[in-house]
């Protein structure tokens, strides 16, 4: 069983913003596998389904981003999911737009949502899909809560689809295979 967590902020004003990439990827997976994310529990919205023979729980925490760990630990404990089977998808400013990076473990890299998840899991050993949003030329908060330009949106939509495939690959083939397949790929217009 896998827990697939997309990080984002709840509310219409945050829809399609850079910081909501995790929610967007989870929505793509939900659509592909006909999983309704319509249940409220674990301080978030979730749905259950399958990828092949593997049961998955899709979770969108409704806590503030920097408290995402509260939602993740509740769901992981309820379903008794190993840390190695918790996949977290989130935006990353240290990666260029058009790229993603799959990792099996690692530090928070300055992302407060990931920092909180590491704290609650008491471990940094969980797979993650880091989606590049690029470096801001402006205030960081305004940047991550801002929307992509039209040109960027074209690229990001393709990267979101690729990120969903990377998550599916982690479930079906393992982290190493997903890393080999998706790390280093760059999408351009």
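Cβ atoms here come from the backbone N, Cα and C positions, even for glycine.
Because the structure is a prediction, the values reported are computed rather than measured.
TRNA binds 14, 64, 66 as Swiss-Prot records it, and from the list 34, 38, 112, 122 the residue named for this site is 112. Looking at residue 112 (tRNA binding site) and residue 91 (site 'Stabilizes the basic form of H active site to accept a proton'), their Cα atoms lie 11 Å from each other.
Classification of residue 64 (tRNA binding site) by DSSP places it in coil, neither helical nor stranded. Each of the binding-site residues 14, 64 was scored by the number of other CB atoms within 10 A of its CB, and the lowest score belongs to 64.
For residue 9 (site 'Discriminates between blocked and unblocked aminoacyl-tRNA'), the nearest of the recorded positions by C-alpha distance turns out to be 19; the candidates were 19, 66, 91. Mapped onto three states, the DSSP output places residue 91 (site 'Stabilizes the basic form of H active site to accept a proton') in strand. The recorded positions under consideration are 9, 66. Their Cβ neighbour counts within 10 Å are lowest for 66.
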